[in-house]
Amino acid sequence: MEGVDASNLDFKNVGPRLNGELVDGFRCSVDELVIKVDKLEQRVNEVEKFYLNTSIKQPSTSKNTSSGKHKDKDKHVPGFKKLQQEASRRESAAAKRMQELMRQFGTILRQITQHKWAWPFMQPVDVEGLGLHDYYEIIDRPMDFSTIKNQMEARNGAGYKHIREIWADVGLVFKNAMKYNDEKSDVHLMAKTLQEKFEEKWLQLLPKVNEEEKRREEEEEDAQLNMQLAQEAAHAKIARDLCNELYEGDTHVEELREMVVRRCRKISIEEKRNLGIALTKLSPDDLSKALEIVAQNNPLFPASAEEVELDIDAQSELTLWRLKFFVKDALEVQDKSSSKGDNSNSANVAATNPNISAASKRKKEICDALVKKARKRNKKPSK
């Protein structure tokens, strides 16, 4: 029997009506689809990256769930602008509540500073005047009540932001004094006494502080959850839009293929014979791909069966032309591999074949993938 290779699958005179203008039109349409698909792939990657990060960094909602304050994920999800407005109002309200707590703390501080033993701690330590040459070697961060008062009265965001910052500085005043002065000294005793009185009064205010901190934590968790839900809603919309655009792209590709087939001449009996012989020359992997092409237009075709009977004459023109294109490319790859004695896979050989450009290969892969998807999507379930 006559041998068959890629040269036997002649593609000249594919169709007399496919003039240069039509070919250029098809090529332009395919180029536009390739660009569009590349953009869609980038958007798909963004969605996949978002959901991958979401699955890795799921916020802990056990506290909210146990307290009965966990928000229902099925509720209406606000937009990003509304979330920003809510965050601004929440921060403003929290700042006012914190100011009230610091005002109450100011009352405690006045009571401590009015004590008869508070005078050594009212102003910064006069290191030079008192000849305390080793003071800065022992005390890393000096603190006094006047500095604390100035910080509490500071405006334009330069003052304390949280009541615990003031509490820590007041405690530092006493710790510094007890650290630098001997336990038997008057200053050490005065600092220890005032510290005890201060802690007693602080314990009275502490429940309100804890309540405010818990409230802030819950509000922050709710805000993070709302933000995540808003992001998920936005990406879900992107995914829906992508599906619609992909479906339109699939439909467009299928229309182009059908249009090309209608303008192509019918495959002759001799070409069918050569095509059948060429199929037997394919590698097992390429033969499986060829059978998948047949199955795309004939869902009942057992492409994955161990033994398959393929009736070339029973195939549609679309299937035959697609098989011709595929077999031609596959045999060229095999011939190239054989001539070089290269055992690498066909993908690597195709990449080195000067007759098959990377751009053409990319277009073909995208078109085939889109057509495959279109075939599945066009089979809508009956209502």
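Glycine is no exception: its Cβ is also placed from the backbone N, Cα and C atoms.
Annotations in TrEMBL come from automatic prediction, not curation.
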Any idea which of 196-223, 336-363 is down as region 'Disordered' in TrEMBL?
336-363
When the domain 'Bromo' (113-188) is classified with DSSP, how many of its residues are helical, how many are strand and how many are coil?
38 helix, 0 strand, 38 coil
List the helix, strand and coil residue totals of the domain 'NET' (257-338) as derived from DSSP.
58 helix, 0 strand, 24 coil
